Amino acid sequence: MVQPMESALYFDNADEFGAWQILISTEAYKKLLEFRRANTEIFKIIFKQIKQLSKGHFSDDNNRQLNGPDAGIPIYYAKMTSGLRLVYQIDCVPDQDGKSETQVIKVYGIYTHDRIGRIWDALGNHLARKGKEYRKRCIFQNKPVLSTDRAILPASFPPAKPEPECSGSPLNPSNKDMDRLHSLLVLEKYVTFSQAFLHSLIANQDVQHVFRLEPQEQEIVECTTSCYVLGRSGTGKTTTMLFKILDIQRAWEMSDVDMPKPRQIFVTKSRVLATKVEEYFTKLLESLALAGYTLQELARMKVKSVQEGLVDLDDLPESQKNIPMKYSELEDQHFPLFVTFDRLVKMIAADILSKDIRGLFFNINNAEAHDSLVTYDVFANQYWPHFPQKLTKKLNPWLVFSEFMGVVKGSGHALNCPEGVLDRPNYLRLPHRSNPNFASQRKILYDIFEYYTKIKRQRRHHDVADRTHAILKVLQSRGFPGQQIDYLYVDEAQDNLLIDALLLRQLCRNPDGLFWTGDTAQTISAGSSFRFDDLKAFLYHEEQRNISVNSAGACLHQPTTFQLAINYRSHGGIVNCAHSVIELITKFWPDTIDNLRPEKGVVDGLKPVFFTGWDKDAARYEQFLFGASGSHIEFGAQQCILVRDDAARQKLRDQVGEIGLIMTLDESKGLEFDDVLLYNFFEDSVVDLSRWRIVFDEVDSQGHTSKFDRDKARYAGVCSELKFLYVGITRARKNMWIVDKSNPMRMFWTSRNQVQNCTPRTNVPHLAVSSTPEEWASFGHSLFSHKSYSQAIHCFKRANLRREVKVCEAYRLREVARSSVGVASLSDQKKAFNVAAGAFTDCGATETGNQKLQYYRNSADCYVRAGDDPKAAEAYFNAQEFEQAEKRYRKAGRFDKTVHVLDDRGMNISEEMAKLFSDEKRRQ
């Protein structure tokens, strides 16, 4: 079996370069591309200078120190032309085998002389915090090799011992400098000037390159056992997973031994994440392939400019997806496979469940069937109001649904009970420590659960736990269909149920091929209710129960656990504030979260700003935040206002109009922005102020309050609120603003000096920044892929893209129609679907190609839900779905149209069908 390979993701310099490895920032790469396209003479000068540096030919022209002598680590510049400078550092990094460290040249950027800036003293000072030994290694210089050549070779050293962080020189960089430092040291990625890198420049291709990982990230990639990778938001969990997939793929491609292609599957709940990771993987493979191209092949390549189509990938018919409908039909060409958990479950179900049973869980290509899956929204809107109020009083439906899915039906305990459901006695006996929510209210919870089960059965609905239990039951008796895989990667594992983990485990034949990542601080998906400690214990128990040795007869290796604690998204000011929220959860609800090392930001930064004291002058308050009446300020594409829910968003829109992107916290998960404004999070909280206060009044005390200890269930809502708060804060890269009139959290943060309080009497930060139409368009496409259609409309309006606005509006109308099912009257539901259908028809009429067909297909599906068979048939015909068109015309009694469709497509009509048509015509 293919194993991770140490050298698979390490690259040598380009041909004819010297011994010094050149690491180039993505910013410098983009500059090189600009010169390659606009001024080849300057590009050749820059290339020649970089090549000289790689050979150790240092001179007064290319090795001048840019920062001051007391600025810690020297930063140098090389003169390119009279007005152009290349800025770099002599860095010291671990070699690929980890047995030594070697000097390298790290290029930060290419700047005009007047734009070079004064950041470099601050950069040198910040780098010096790594310690005296690091500085000594950076400034050390070997003696020239030959007196005639004067070339200096890079020095190598034994691995450095950990050093305590030094304080550095007493510089006080400005906010602007801190922001620039954050970009250079955190947001920038550094790639080797390899042959593939050079060929991408020659071919004028803006591609994604494999960048250099940090040592701990590399250790994870090269780990040969199964592993759990835990880390808070922005710590690089998905990156390590992706690079391991790439590493194993590359090791197989580079191997001299003939062996089967490794079958690897990346699984996540989020379709957007699965798509993004697959696209990134493909781009990395494409960039690596460039190394083998000839100059003639490179010359024939053209700059790629692909305009994304606005189509929801979930709408595509099975025939247009790149993977088969059945798991057993997967072939080597499909791997590595990037797939959502829901899609993977459908493929397995298609293999093992009978058609009737499968139809209960998956309505494939059946627009007429109302959605039968009980999501949280369905539970809250269609089930909760029908439970006895005496039972639901003072209970949070979100927490109740999570308890049903995560504990009663989705836990390891449930597997040991008939039908995969904890019975009442077993539920009541669960330990309070490991299952703290509702510990004192379990009898009431189980009463509600019985009502839930009864209504669900009456409506022929199912939930995600029902689906997984049905598949596990068949697998237990029949075994797994098709060929098992070699490596399984589960991202954001906390979004799944424990029983889902068991199903996924059965996919993989290699006990050392499992890779689980996640963060239980981000369990804001209803139904998610476990810690990684629970996952580890559960899977360990399953391994011990089923097998004690692997197929080769060797003892099983224990999985390795890694913790990633460095945040590569946000600066220290935001990270410290976010970590304080984790500390609160850990103190009061230690059994609801995994206890990890404190996360750290690489660079310090501005503390979040908490706007307070403005409520006495509400008009001035809103004027400051959102501009004067008639002249509202406009937030940019990389800025976002986060609110509690749809109602809060609509209320704010009514107050301030189309000010910018306004998203709910749930919608924001998985996204990131430069600046985030968290608006009225506490004021709009479903948890009343008294419950917030009792927690924070006692936060600095040695123990919990007696009230808290006596009734922990009453405060369970605060725990879930804090997880939402953590997600909100960690969306921001550069600035975090909190606007609220509630005091408990503000007082808590102020006591720890983790926020800056902004009152009407203090200098206030500038909030809004402008964005280009291209930036608005780019983010609009991103939001569309997240199904945030209203927000995408806002972006496309700012970009003046009317076609895209029209398409997003059609999708938005369909979302409105779908949300009306089970809530509005049947006639109102049909009206809503009819409106959406008309909008998709208008889109299809002006499009071409696959998008045209998809919009007509969407239109037809909506007309079916609206009960308009003739229009549905017409739309299916326009979508070239002729069998569906024939079916709808026949149902509408339009047999003349049915025959026309069949004749037009050259489809034969059986004698039985012809007689049916003839009899029907006579009756008419």
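For all residues, glycine too, the Cβ spot is worked out from N, Cα and C.
Per TrEMBL, domain 'UvrD-like helicase ATP-binding' is recorded for 210-571. Residues or ranges marked as ATP binding site in TrEMBL: Gly231, Arg232, Ser233, Gly234, Thr235, Gly236, Lys237, Thr238.
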* Asked: In which DSSP state, out of helix, strand and coil, do we find Gly231 (ATP binding site)?
  -> strand
* Structure fact -> Near ATP: residues not in Gly231, Arg232, Ser233, Gly234, Thr235, Gly236, Lys237, Thr238 with Cβ within 8 Å of the site Cβ centroid are Asp519, Leu564, Asn567, Tyr568, Arg569
* Structure fact -> Residues near Gly231 (ATP binding site) by Cβ (under 8 Å) yet at least 6 apart in sequence within the same chain, in sequence order, are Lys237, Thr517, Asp519, Gln563, Leu564, Ala565, Leu596, Glu599
* Find the average pLDDT over the domain 'UvrD-like helicase ATP-binding' (210-571) in the predicted model and report it. => 82
* Structure fact -> A correct count of other C-beta atoms within 10 Å of the C-beta of Thr235 (ATP binding site) gives 25
* Let me know how many other Cβ atoms fall within 10 Å of the Cβ of Thr238 (ATP binding site). => 20
